[in-house]
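Student: Just dropping this structure here.
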């Protein structure tokens, strides 16, 4: 057989399945198990955010939401009483509707992982789900959260239940009392996953917010990654500070990439950053930089120990390194247009794409999850990738996220998401943000191509 | 925690280490300071003592050796301390299982002594020799013994992580004994049947006093229980990054028999010209190799073979000839030679003689300007290794430097040996795990090619002559 003649290598990674790491062949259902206020939705949302970020299409199916659509006004915990036949009917119907949507997600929407977020506390309910999955060839992985620490449960209720639509018109004390009774409704019929009877199932049991784990029959790569992720996250309050290096010499000249040092204004920013950090009075702050001079110079000014990560280096622009956008347009107009057509997947010739960056940054994210207070001094494209992870931005938006120089973003996990505070430290800098121009066609003229290039020297 | 030097004199001047291309500050007296932590892996503050727990023939030594190999490969200095070996040095000739009887006072004394000696060596390794992880490989089946170890660790400021292997499947145990016990120095003069019988009695000696790690009594300890060779894991109180990585690794390895085939792409056009890097296609001989590789693979009749390539044309072209599905990994791309990409060694010597010399001085750590080092490669390849551990039969079609890194992992080669491992074109290496290591078969598929292996020349000084520098460059067109 004649070897196939490959077409001249395009900068974009080919879309054939061969080029995408095979995470899973059959779709996977992640099934949450546990009493209310055990962190199931927190885990569901966080895991979904992580999987989507690393490129595995994932979606949460929260049965409680289906219930809120069916029963538009929540009265009280009596709805959840085990002897409330009518409510039982509705709840069963909601679970079925959610399962139906899971099937659609997999078969019609190219989903790869569906997170079935509900209490699923009875063997009977879990059997229904297993049978549903087996019929369709889906893999099932259970995630059970077990916790009896009253303080943690109370904190959960405060953080996420008071804000729930169910309790919108109730004051905190009422809501707390009602919710505790709601939990009790489930307690009597709760059958945790049984290590003997369920020994052939694939699952992870999380005890006491991660102090202990039981992992049974991990089947494949994606389940292994999920377990690793779940074992690294924590709920201890902390903040992550993201900042770019101070303005660099090449920034001033409108040139991308390279390994230049700080401009005088950049140095000023480093000083301002040192003051800012000191004033924040952060407990046990870790500082991370890339291997590039400009981030290290910025960190040096902080006068605290820092760690250099090669993985935090700026995106490699390959043959376009140290060029201005004008020069890229002049020498590689087609590449320039291709980049505007799909900035996330576009790979610079002999360089990287945003998609490559995400893969490179995964260990950084994993370690950020393990850590507590961290300041990451990095670069524009890198910061966009990290920010997209924390703020759950899709691939289409990621390369256009605003990460201006001389601005610190403080991210603090809260409820199911992340609070962002932006601190501009009052030192002027060039703008390095180039928006997507109106015309992305290869046939466009230079003016159209350079329409959105920011000013530089 | 604020650095007074920096506060007084302002930010320190940065200087790029010429070999590793890492920016480091100079102190006020002009001398380069100790490097800031380079993030490779966990920079544990205190060393870690991994303590195995389990009856004989539960895979403790297998796990110890494999884990140690992995940790060393990713750059964490690790060493195994196998108490059985200390015992063999002490009691030159092994007579029978009676040595291990719980009522054999003299035996117990010697065994306790051996454990103490081993712990002393652990202290030496972790506190004096710069080791970061020590694996204390013994049964450690009693709470008393474990308490002794924990006290020792506490006194010396070591973190402790237990790895317990629990297994009651008689088939697995029997297979273990066949694989690794029969060849042990203990049974060298015993025939198979006798050896198995004696070993089973040896296991019995430990059974009555075995106190597994207890969910309640030991809930403050950090440990992983591996149950039935990985069917189930119980993980308790993972304290830090290195423990998290160890748990992840242990959860991904398996012992299902399989083989890993490593091969480079077929000879490429740039290979023929003696040029490094680039993204050229196969030469005629390279295409011939691809066809021979296809034939070889078919003849091997491998069950469910996965094929992986890099994202460079030459590996993909090679895989295309096989006529089977394959997966492209960017992580398998050849080492990035930065500014030296597509140059011949003669040109590198001409244009960057100092760089060329630095590379010969420390080929593992040397980073090409705007490129990578072998050390960077290893970090890049770690997810590939992790997935290779999960998989069964795999053929990896890659590149010279990449193949050297992968081979070093499987054959436990040091960082110094790694960049000089022989990985010639048109040769398949078949790796099959056996006992505690890896069997290697080298299959040359009979298609000529250039040699791309450049040995370390004798003179590695920057001022050396061109002749000295190019002494070991292989012939090319």
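The backbone N, Cα and C atoms fix where each Cβ goes, glycine too.
On a predicted model such as this, the values are computed, not experimentally measured, just so you know.
For B:265, the entry in TrEMBL reads active site, tele-phosphohistidine intermediate. Per TrEMBL, the feature active site, proton donor/acceptor maps to B:334. The substrate binding site feature in TrEMBL is assigned to B:264, B:265, B:266, B:267, B:268, B:269, B:270, B:271, B:314. Among the features that TrEMBL reports, domain '6-phosphofructo-2-kinase' is placed at B:43-257.
Quick one: where do these features end up spatially?
Tutor: When secondary structure is read from DSSP and collapsed to three states, residue B:265 (active site, tele-phosphohistidine intermediate) falls in the coil class. Annotation for residue B:265 (active site, tele-phosphohistidine intermediate): same-chain Cβ neighbours under 8 Å, separated by at least 6 residues, are B:282, B:286, B:312, B:314, B:315, B:317, B:318, B:397, B:398, B:399.
Around the Cβ of residue B:334 (active site, proton donor/acceptor), 24 further Cβ atoms fall within 10 Å across all displayed protein chains. Residue B:334 (active site, proton donor/acceptor) falls outside any helix or strand according to DSSP and counts as coil.
A helical conformation is recorded for residue B:314 (substrate binding site) in the three-state DSSP classification.
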Student: Just to verify a number: CA distance, residue B:334 (active site, proton donor/acceptor) to residue B:270 (substrate binding site), in angstrom, no decimals.
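Tutor: Between the Cα atoms of residue B:334 (active site, proton donor/acceptor) and residue B:270 (substrate binding site), the distance comes to 13 Å.
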Student: Using the Cβ center of B:264, B:265, B:266, B:267, B:268, B:269, B:270, B:271, B:314 as the substrate site position, which other residues in that chain lie within 8 Å, going by their Cβ?
Tutor: B:272, B:280, B:281, B:282, B:283, B:286, B:425
Student: Please work out the number of neighbouring Cβ atoms within 10 Å of the Cβ of residue B:268 (substrate binding site), leaving out its own Cβ.
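Tutor: The answer is 29 other Cβ atoms.
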Student: Are there residues of the same chain, six or more positions away from residue B:264 (substrate binding site), whose CB falls under 8 angstroms from its CB, and which are they?
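Tutor: Result: B:397, B:398, B:399, B:400, B:403, B:423, B:424, B:425, B:426, B:427.
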Student: Neighbour count, 10 Å Cβ-Cβ cut-off, for residue B:270 (substrate binding site): what number do you get?
Tutor: 21
Student: With a 10 Å radius around each C-beta, find which of these binding-site residues (B:266, B:314) has the fewest other C-beta atoms nearby.
Tutor: B:314
